[in-house]
Amino acid sequence: MLQLTIRSIHTDAKLLKQRCSKLVDRIIRVDQAGELGANQIYRGQLVILGHTKAGKTIRHMWEQERAHKAAFDRLVNEYRVRPSALQPVWRVAGFALGLGTALLGERAAMACTVAVESVIVEHYNDQLRTLMCDEPPRCTDKVLLETIRRIRDEEQEQHDTGLEHGAEQAPFYRALTSLIKSGCRTAIKIAEKV
C-alpha cells in the first residue's frame with residue numbers, strides 16, 4: 001500500500017512538472033515571437049520617422065524591445081523551447097505594421113505603440129496570474145516571473161509614452177487601434193501554438 005502511494009505521488013509530481021513545462025514553453029515561445037514583432041515595428045517606423053522629432057523616442061523604445069527580445073532569446077536557449085515556426089511571418093508583419101503606421105504620421109506610429117502595448121501588458125499580466133495561481137500547473141520560476149514583470153513594466157512605459165506623444169490625435173485613432181489590437185490578439189493565439 002505504501003509503495004502504491006509513493007508511486008502515485010511520484011506520478012502526480014511528474015505529470016505536474018510536464019504540464020508546468022508545457023506552460024513555460026508556450027509562454028516563452030509566444031513572448032519571444034512578440035518581442036521579435038515589436039522589434040520589427042520600431043524598425044519599420046524608424047525607416048520613415050528616424051530623422052523626425054519622434055525618431056529619438058522611437059529609437060529609445062526600439063532599444064528596450066531589443067533588450068526584451070535578447071532576454072527571451074536567452075530563455076529559449078536555457079529552457080530549450082522551440083521558437084515559433086512563424087518567425088519569418090512575425091518579422092514581415094511587424095515591419096509592415098511599423099512602416100505603414102509611420103507613413104500615416106508620427107501620431108499614427110504612436111497610436112500603433114499604444115494599441116500594441118495595451119494588448120501586451122494585458123497579455124503579460126495574464127501570464128503572471130497563470131504562473132502564480134494556486135491551481136496546477138503552478139510554476140513559480142523566479143527568473144521567468146521577474147523577466148516578465150520587468151518587461152511588462154517597460155511595455156507599460158512605452159504605452160504611456162505613446163499617449164504622451166499624441167497617439168489619441170492620430171487620424172481614425174479608434175479604428176486604427178482596434179484593428180491593431182485585434183491583430184495582436186490573433187498573433188498571440190497563433191504564436192502560442194505554432
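Heads up, the Cβ atoms here are built off N, Cα and C, so glycines get one too.
TrEMBL annotations:
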| type | residues | note |
| --- | --- | --- |
| BINDING | E35, E65, H68, E155 | Fe cation 1 binding site |
| BINDING | E65, E117, E155 | Fe cation 2 binding site |
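Locations of recorded TrEMBL features on the structure.
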| residue | record | CB count, 10 Å |
| --- | --- | --- |
| E35 | Fe cation 1 binding site | 25 |
| E65 | Fe cation 1 binding site | 25 |
| H68 | Fe cation 1 binding site | 24 |
| E117 | Fe cation 2 binding site | 24 |
| E155 | Fe cation 1 binding site | 27 |
| field | Whole-number Å value for how far E117 (Fe cation 2 binding site) lies from E65 (Fe cation 1 binding site) (Cα to Cα) | value | 11
| message | Suppose the Fe cation 1 site is E35, E65, H68, E155. Which further residues of the same chain have a Cβ inside 8 angstroms of that site's Cβ centroid? | response | G34, A38, N39, Q64, A67, K69, I120, I151, E154
